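In what follows, a structure is listed as structure tokens, so that the remarks can point back to it.
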Amino acid sequence: MKFDLKITDAKSKARAGVITTDHGTIETPIFMPVGTVGTVKGVHQTELKNEINPDIILGNTYHLYLRPGLDILEKAGGLHKFMNWDRNILTDSGGYQVYSLSGRRKINEEGVKFKSHIDGSMHFFTPENVMETQRIIGADIIMAFDECTPYPCDYNYAKRSMHMTHRWLSRCISHLEKVPFKYGFEQTFMPIVQGSTYKDLRQQSAEYIANSGQQANAIGGLSVGEPAEEMYAMTEVVTEILPEDKPRYLMGVGTPINILENIALGIDMFDCVMPTRNARNGMLFTAHGTINIKNKKWEDDFSPIDEMGITWVDTMYSKAYLRHLFAAKEMLGKQIASIHNLGFYVWLTREARKHILAGDFREWKDQMVKQMDNRL
Ligand code: PRF
């Protein structure tokens, strides 16, 4: 992987760059649509590629390991071939998904024992076997196995957990050296900063991660229920320390406003289930605020879903029609809303990039944050 930092904004810490991998280029800042089980939910490849047009999407080790399982993925020749996606893929390590299984998992120094959400069977993830699993899935970017602490989290737990995540990182790195790439292209490994909402822990973790000398770095453990201001404060502490010449990925963040504010703090990569999950509940993100399309007020509003027309669904269908699809519980409604929201998120980060390159990011960002805060 190669990272060219094109420009750093003069009035914020926002950056524009280009990541190059064996599956093409990724222009940063970037939003990566989430395709947990090898599908961006409800979206065909044609729409994903031609309309939403992301340079990279995400998959999840936890879900793919449980289903379809490693045998099938290996026989398919990896996830790219299995789902017929020839651009970049990043897989999360399962650290966060296992954390979300609270009550159905046990964490110790060796790894995490957990109960499958599918059939209740028991499994054990370790830093070593998760690296092997990510080799088999075959994404372009693979993540360290970490523990994401909940919020709030007491200081001593956060500190012990952070140190364990650091020890797990060493195990990930030494194991990866023993397991070669499987499919003829390179995989970039990303370590993850933890440390909950404690400034000193975040600093310590950022230094540890920076010193591990990997080609890109990630920040985890945020957007887990803490106030946005606390998230921004932690991002700022960490981006001060992480090397400038390597991409920075803030995991699982967030609302369109969260994304712009974190771009301003020096983050390059984002992912979040919000655009697809909220779409399935009838929530649409637009440049002028959020819409709950189920609301009665849209019943006879025959204007386009979004006049900006970022994706074809935006001008193809009216708000009244989309509201009708949701009222009738038609699956097309969820599909249209998902395409709209993903198109908007990818557009938003592309637009941020344009403004960083043009030198007016800060002004644009402040204006967008104000606009997007509305409920329409
Ligand atoms: N760790 C991992 N994946 C994640 C997170 C984390 O802390 C988060 C936290 N927002 C989202 N996804 N491995």
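For all residues, glycine too, the Cβ spot is worked out from N, Cα and C.
Those TrEMBL annotations? Automatic predictions, nothing curated.
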Joining Asp92, Ser93, Gly94, Gly95, Tyr96, Asp146, Gly221 at the substrate site recorded in TrEMBL, out of Gln187, Gln194, Gln203, is Gln194
In TrEMBL, of the candidate ranges 126-130, 211-215, 276-280, the one given as region 'RNA binding' runs 276-280
Per TrEMBL, the region 'RNA binding' among 175-181, 252-258, 364-370 spans residues 252-258
Listed in sequence order, the recorded positions from Gly94, Gly221, Asp271 whose CB sits under 6 Å from ligand 1 are Gly221
Pairwise CA distances across Asp92, Ser93, Gly94, Gly95, Tyr96, Asp146, Gln194, Gly221 (listed as binding substrate) top out, in Å, at 15
For substrate, residues beyond Asp92, Ser93, Gly94, Gly95, Tyr96, Asp146, Gln194, Gly221 with C-beta within 8 angstroms of the site's Cβ centre include exactly Val98, Tyr99, Met143, Ala144, Phe145, Glu147, Cys148, Ile192, Gly220, Met251
For Gly221 (substrate binding site), the nonlocal same-chain Cβ neighbours (under 8 Å, six or more residues apart) come out as Cys148, Thr149, Val193, Gln194, Gly195, Ser196
Cα of Tyr96 (substrate binding site) to Cα of Asp271 (active site, nucleophile), in Å and rounded, measures 13
